[in-house]
Structures are given as C-alpha cells and as structure tokens.
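Comments concern the structure below.
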Amino acid sequence: MFSTLLFVFTISLFSFNVLSDSSNHRYNEGDNVPLYANKVGPFHNPSETYRYFDLPFCVTGKEKDKTEALGEVLNGDRLVSAPYALDFKKDKDSKYVCKRKLTKEQVAQFREAVKKDYYFQMYYDDLPIWGFIGTVDKEGKADPSEYKYFLYKHIQFDVLYNKDRVIEIGARMDPHSLVDLTEDKEVDTEFLYTVKWKETDTPFEKRMEKYSQSSSLPHHLEIHWFSIINSCVTVLLLTGFLATILMRVLKNDFMKYAQDEEAADDQEETGWKYIHGDVFRFPKYKSLFAAALGSGTQLFALTIFIFMLALVGVFYPYNRGALFTALVVIYALTSGIAGYTATSFYIQLEGSNWVRNLLLTGCLFCAPLFLMFCFLNTVAITYNATAALPFGTILVIVLIWTLVTSPLLVLGGIAGKNSGAEFQAPVRTTKYPREIPPLPWYRSTIPQMAMAGFLPFSAIYIELYYIFASVWGHRIYTIYSILFIVFIILLIVTAFITVALTYFQLAAEDHEWWWRSFLCGGSTGLFIYGYCLYYYYARSDMSGFMQTSFFFGYMACICYGFFLMLGSVGFRASLLFVGHIYKSIKCE
C-alpha cells in the first residue's frame, strides 16, 4: 500500500512539472520566444562547467536569471537570458549583437577556453542547443607552440516550426567568421547572429524523439541486444550449473544424513549438518549489520521506483533535473523502509539499543555522501563552477532531510521495534560456538568476494559503458527497458552466486556466513569502481583536478550504494537458502 501511494505521488509530482513546462508553447508570428544561455565548459569534462557570461561575451545589461527547480540546480544548470532575439518565424541575417574591444586578459581567457575545447549550451523553448566557441588550427604544425587559436564570432540558428510551435533548433558556427586569438594583444571584434526559419511536418509531441534516436540507432541496439543475450546466456549457464550442482549435492547430503540417523547414534556428523548448532548464531557487530541491511533495502526500493518512473517515460531527454529531483524526493520518502527494516531485524537479533541502531542506519549512507559532497562542493566553489550548489539549494536539501527523511526514518524504526517479530531459526543454537577448522587461503573472505563479484559484473559490463558515456559524457541514454532487464539479471546472478558460496562455506564447516554473504553479494560494487579506473584512463579524455575528484568522488558514493544494495540481496537469498536446507533435515 505504501509503495503504491509513493509511486502515485511521485508520478503526480512529475506529471505536474512536465505539464507546467510544456503547456505554453504556442506562438504568433513575431512573438519573442525565450532563449536562455546555460553554461560553458571543456567538452571532455562534463562536471567542469561555468556560467555562460563567465567568458567575456556580449552583455546588454538586460540579462535575467531564470528561476530553476531543485533538480536543475543539482544538474549544474544556471540559465540566463541570452543576447540573441529569435522572434517566432522572423528571419534575420548577420544581425549585430555588439561590437567590443577585447583586452589582453579577455583574449587570453578566450584562448584558454578554445585550447580546452570549450562548448556552450543554450535552451530555446526548452530545446537544447550546443556549439563550440572556437577552433584550433593545427594543420601542418607539429609543434603545439605554432598552433593558431580562433574564436567564432558569427552563429547561425536554424529553427524548424510546425504552425504555431517550435519543433527543432540547431546552431552552426560560421567557419569564415573568426577572431584570431593567437597573440596576447587587444582585438577589435563584432559578434553577429543569423536566424533561419523553416516549416516542418513533425508534430509537437514528437519533437524530443530526435534526442532519443542516437541511442536507438541500429548498431547501438545491436550492441545492446548483444549485451542482453550475453547476460542471459551467463545467467542461464550459471543458474543451470548451480541449480544442478546444488540439487545433486543437497540430494546426496539429505540421503546421507537420513542414513546417518538410521545408523548408530555415535556416528560423527560431517559437513554443513555438523554445524547446525552454530549456523544461526547471530553475527558480530549486529547493529552495524542491521543498519547495512536497512540502508541496502532502502536503496533497492529507490532503484525500483526510479526504474518505474523511467519506464513510464518521466525521464525523457533533456527533462532538465527530473532524475535528480526524483532521487532526492524518493530517497527521502523511502527512509521509513530503512528504519523499519534495520530496527525490526536488529530486534530479531536480540539487540537492545535500537535508538543507536536507528541513528547508525540514518548515517550509514548519508554521512559518507554528505562528507564527499562537502569536499566536492568546496572544490567547485574554488573553481567558481556551476556544480557548486547555492546556499539556498543546500538549505532546501537540509530541510528535506530534517523534515521528511528523519521523521520517516524514526517512524519506520518505531514500527520495526513494535513489530514483535522473532527470528525464526529452524534449529536450536548451542551455547558455545564451535571452532572453525583451518581453511585454505582461497576460502577466506577476500578471494570469495573476488569470485562473487566477478560473475555479476561480467553480466553487466557491456551496458556499463553506455551508462558511463551518458552520465560522464554527452551521449543520451533512453533504452530503460534494456537497462531494467540487465538490472534483473544482475540481481539473479548476485543471489545465485552468493547462495553457492554460502553453501560451500557451510560445507567446509565455517558457520560465520552472515557477514560473508553480505560482503560477497556487495562485492560487485567494488568491481564497478574498478571499472571506473579503466573508463577514466582508457575510454575517456577527462582531465584536471576538479573533474577527476568529481568522477572518482561521486562514483565512490554510487558504488558504495551498490555495495549496500547488492549485499542486502545476497544476504536475503542466503538466509532463505540456509533456512530451507536446515528445515529439511532432522537435527538433535
């Protein structure tokens, strides 16, 4: 019931935002259609963006900042009215924006931006526009000191319309209208723009499909489906192999233990039955364990709700900030799940200080994320980048955490404490734990985690490239149905491999499986972070302290979230399995 209400509320919220953004798109000839300049930055450093007028472009004095939603600010958008007048259906040819003399410092500023391959982004009637601010002439020059740097001073806007609505817009830079920035000297220049209007038959409802086509091209879909087939084959082989092996082994175990019961009573037990009095002994650091389980369950619920919104079409391309708004709102609303899960399980583990456990649950994921945010926001402020959140936005997030997240966490914790559930163990636990026999090195925690994380990671690594290219690049990802299938495959493989390793651990008479199953389930998060290293150095051109710190900092938080989420999945699967096999035998 709660999950249904949450989903309906979130859908209503986003539907209202979408409708309010797209309801007023009809214009008469000559109407002023708003054009907003958003940001500029190095093309290969998506996090390092600056305000458009941080570069010395033409300023008319009439520029006004656009009021933005929470998600847009989190996305680094800082829209301000641009000095170009693109009146509806009015062509303009080489119209002056301004004439100005660039000082040596401004020439050097533009030259540095051209050298770093700066691009600009604008929005016209909520449609995105991109373009590069300059070009580098490297032809026939082996020495970088001989390169020539030029600034584009003439931009042409090509706009398509259907009756009274804007359908599409593109920006072209005139390669013959350049300003030489190579030398440190004052430069007189003039900035111009041209507007060309053309009618099209494309309906207004389909104007965003253009931005989805890049991820739906045949060769991209072919690779995506290859990824799916590869993952499905991996899952089928793995699950089939594990199911066959485990069923045969368990069948033999059950037959053996049944024969042992009929044989002499003094016959010594071996294998996983031998440790039946210890297998449900509660783990060490049970408060931390319950908190990790609660946080992981909340992140799992958050992921499912995000997928539900994506599959119903909320996150269409360039619905600015919708994903970030969804993450903040749904994380706040699902905090009750974390409180209930952690506290109820902590009470089942006979924990006494449930208030401390609730505080630990609330801080386990939020505290590292907050510390990382403080560091990265300080870096962004130092760079004067748009990634630096304004004080008002930080205050809004703090209020959401104080007024929504914390109360729901406490309410969930109180409900968990009063649930009265007891841990249902099919066998009794002995008073004193058995000593774990010496085991070979490959049965220790770290090698087991490496084995457990490799297979789930191998099932998703092809799709990871497209996700990284979308989050940390300029590609657009819209095939959420395929991503959801990959996510389901990831859950299945994680559950199966964790169950298999738990069985082999118990068969080796090692009864400390609680933490091991959680760590093995979550180890895929470590592999994803390892992929981050590969992607950064081998597949991207990112550089600079700010971009590097943002990439590895926020990816550390994301991978930590995956660790908690998949760890919870692995433990839950192992708990069901262990409970089932010990329920199936007779233990004295």
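Using N, Cα and C of the backbone, Cβ positions are placed for all residues, glycine too.
Per TrEMBL, the feature signal peptide maps to 1-20.
Taken from TrEMBL, the feature transmembrane segment applies to 223-246 (among others). Residues 455, 458-460, 462-463, 466, 479, 482, 485-486, 489, 492-493, 496-497, 499-500, 503 of the same chain lie 6 or more positions beyond the ends of the transmembrane segment (223-246) yet place their CB under 8 Å from a CB of it.
Below 8 angstroms of C-beta separation, residues 3, 6-7, 10-11, 14, 18, 208, 212, 322-323, 326-327, 330-331, 334-335, 337-343, 345-346, 349, 351, 357, 360-361, 364-365, 478, 480-481, 483-484, 487, 514-515, 518, 522, 561, 564-569, 571 of the same chain, each at least six residues beyond the ends of the transmembrane segment (288-316), sit close to that stretch. Under the heading transmembrane segment, TrEMBL lists 288-316 (among others).
What TrEMBL lists as transmembrane segment is 322-346 (among others). Remote same-chain partners of the transmembrane segment (322-346), defined as residues 6 or more beyond its termini with a Cβ less than 8 Å from a stretch Cβ, comprise 2, 6, 9-10, 13-14, 17, 69-71, 74-75, 286-287, 290-291, 293-295, 297-298, 301-302, 305-306, 309, 314-315, 354, 357-358, 360-362, 397, 400-401, 404-406, 408-417, 419, 421.
What TrEMBL records for 358-381 (among others) is transmembrane segment.
Marked as transmembrane segment by TrEMBL: 387-411 (among others).
Summarising the annotation, TrEMBL assigns transmembrane segment to 449-468 (among others).
Residues or ranges marked as transmembrane segment in TrEMBL: 480-506 (among others). Long-range neighbours of the transmembrane segment (480-506) within the same chain, counting only residues 6 or more positions beyond its ends whose Cβ lies under 8 Å from a Cβ of the stretch, are 224-225, 227-228, 231-232, 234-235, 238-239, 242, 245-246, 249-250, 271-272, 275, 279, 303, 307, 310-311, 315, 443, 448, 451-452, 455-456, 459-460, 463, 467, 513, 516-517, 520-521, 524, 566, 569-574, 577-578, 581.
Here TrEMBL flags 518-538 (among others) as transmembrane segment.
Tertiary neighbourhood of the transmembrane segment (550-578): same-chain residues 47-48, 279-280, 292-293, 295-297, 299-300, 303, 364-365, 368-369, 372, 375-376, 379-380, 387, 452, 456, 472, 490-491, 494-496, 498-499, 502-503, 506, 513-514, 517-526, 528-529, 532, 536, 542, selected by CB-CB distance under 8 Å and a gap of 6+ residues from either end. The transmembrane segment annotation in TrEMBL covers 550-578 (among others).
Annotation: stretch 518-538 has the most Cβ pairs under 8 Å to the transmembrane segment (449-468), among 358-381, 387-411, 518-538.
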